[in-house]
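Written out below as structure tokens is the structure these notes cover.
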Amino acid sequence: MLNKNIVKLAIPLAVGALALTGCSGDSGSGGDGAYKIAFQGPLSGDNVALGENMQNGIELAIEQANAKGDLDFKLEYVAADDQGLPDKATAAAQKVIDDESVVAVVGPAFSGPTNTSSPLYAEAGLVTVSPSATNPNLTDPKNGFKSFLRGVPNDSMQGAGMATYYAKKLQAKKVYLIDDKTDYGVGLASVAEKGLKDAGIEVVRKAVPQKTPDYSATAKDVVNSKADALIYAGYYQDLAPFAKKLKDAGYKGAGISGDGSNDAKFVELAGDASENWFLTCPCTDATVEAGTKKFAEDYQKKFNRAPGTYSAEAYDITNMIIEQVKGLKGDVQREALRDALAKASYKGLTKTFSFDENGEFKGTDVYLYQVKSGKIEYQGNINELVG
Amino acid sequence: MSLQEFWDYLVLGVMLGSLYAVIAIGYTLVYGVLQLINFAHSEVFMLGAYGSLIVLQLVDPGDNPSALASIGFVALAMAGSALFGGMTAYGLEKVAYRPLRRRGAPRLIFLITAIGASFFLYNLAGKLFGRDPLPLPEMYDNHEVFSVFGAGVNITQLLQFATAVVMMIALDLVVNRTKLGKGIRAVAQDAEVAGLMGVDIDKVISRTFVIGGVLGGVAGFLFANLNQVSYTMGFIPGITAFAAAVVGGIGNIRGAMAGGILIGIVETMTVPLLGDEWRSVSAMVVLILVLMFRPTGILGQRVGRAA
């Protein structure tokens, strides 16, 4: 399978190389021997905390690599802010593509922006490795997202994990399932719905668009539906006011949400109302797992706060990229780096990163968290928890 | 939908609608005296919310304040939002609209300026206060106080509704019973003639903006109290309230109240019947229907003739 892909890629590559011989012929390295690693994700806008978590992880990895002194090139960081919005994503991607010294992109962070910007990256041959875009459709070969690699188990795993947890551990009878109408939310909710139905649980599926001005009526609807459990597939900015309204409406059942809400900001915004909420994530807690303790300390020292969701994963992916850049020994072309990364396997602090022929992550682990006394507490691997 | 559910949603709808009504009054007042749609009003609303947040961060309610202290914190937060809202509206009039009026600019220019001022203000707020949403500190222990037709009403909702009603009644009295109100009505009816009769038009316009700004700012606080503060929070409630003002008959204060409550009820009722994704759609359907059959809105008359 891989060989076939290489042949397929080799033809345009060869043609491209011939066409470029007349010009400078160098799309990779910058003039001063510096390679740039970019990040595309929300660095302003509504869900900025999620973007900053990753940005910090990347910056830390780059700083450490430069400081080690065993590189014969310099690494630089470039930020491309897409605000987490699909309509801002193409501009952000174009900015990165036009900067000739960018050799790889960590991100895009969210599924919607990944969907709109991936055709551009594919055309430019610039590899993107996302630590967090989890919509299952992104790796569908029909899309032709040839430069997209996913460094995280997709929502089929996360949604299925939620469904399993509800079915086996909480033994829910009726689940109220909400998506926020984003690519991420709809994808996650659809998988969860299927998992719940397969387990024989009754599902009420609703869509509540982002930025709904008042969640009171929705909360009332949840209570009136007599559901004993709730799944919210969306981001913390919207879940927080919703959780407050649920508490006001007297909802007593369980609540679970995914990695889009798994941030300390959720607890800060929702206050008491966030208590006991379950949060799933394909990410581990860097401050708890043994492998990432050292990373968590370095992170705390540099940014004066604990690493958040996907900080450690973004750090790992950056290091994976750096390793491949080193392997190419001074002649880093975008396509060559993409092909090298697609084949590579890298053992990071959090997990081992490797990809199948569609760029899908190989691996399925999803972890469960729960808000307890105002803190998001790590519970462990879902599959192990349900036993 | 059972009867009990109907009452539940109706009560929620009236609560939300009363907030829309207070914002809608800001649009209507300004339109009444200037025939100008102040699209920057949603930013007055947003900055009002930040005003209350700043005040609350200064005084810091801490955990579990006593009942009396709670009332004090709410009053302070409200004053902060009123101050911010009023100041923003005053500044807008002074910087964005008055120079244009002096030069007799055409109406379209005002509209564009309003939209420009709106973009400027919300991006400025994002820059100043950060682009992450912020929670309003808890000022009191929110619990159910009483019920209407079996639908429970908690403190936040009561506060929201009561403040809105008090502000609306006060405004109605100001416009219909005071000298300033007479001035507002006079300018609304015919600014030129009012000027000839000795009404200081600039002063009246400026005060009208401030009144609208104070109401908008307080609505911003109430909204943030039920939701959260963010620099983008103004847009959706702002547009919805604008629709409410048009439904009620733009330029008519009582119309804005009626329109606001109607839109609030329609939006809330949509949630159990059609789902959340339809709430804005149904609000706009109401707008279109009203405009089709009664282009001036339900109570379509200008401020000057409403009393």
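Glycine is no exception: its Cβ is also placed from the backbone N, Cα and C atoms.
These figures come from a predicted structure and were not determined experimentally.
TrEMBL assigns the feature transmembrane segment to one of the listed ranges (B:230-250, B:251-271), namely B:230-250. Of the candidate ranges B:42-59, B:276-293, TrEMBL annotates residues B:42-59 with the feature transmembrane segment.
Non-local neighbours of the transmembrane segment (B:71-92) in the same chain are 26, 38, 40-41, 43-45, 47-52, 54-56, 59, 61, 65, 117, 121, 136, 139-140, 159, 163, 206, 209-210, 212-218, 220-221, 225; each lies 6+ residues outside the stretch with a CB under 8 Å from one of its CB atoms. Between the transmembrane segment (B:230-250) and the stretches B:6-30, B:42-59, B:104-125, B:204-224, the greatest number of Cβ pairs separated by less than 8 Å involves B:6-30. The transmembrane segment (B:145-175) shares the most Cβ pairs under 8 Å with B:6-30, out of the stretches B:6-30, B:42-59, B:104-125, B:204-224. For the transmembrane segment (B:42-59), the partner stretch with the most Cβ pairs below 8 Å, chosen from B:6-30, B:104-125, B:204-224, is B:204-224. Residues of the same chain lying 6 or more positions beyond the ends of the transmembrane segment (B:104-125) and with a Cβ under 8 Å from any Cβ of it are 34-40, 42-43, 46-47, 50, 88, 92, 96-97, 231-232, 234-235.
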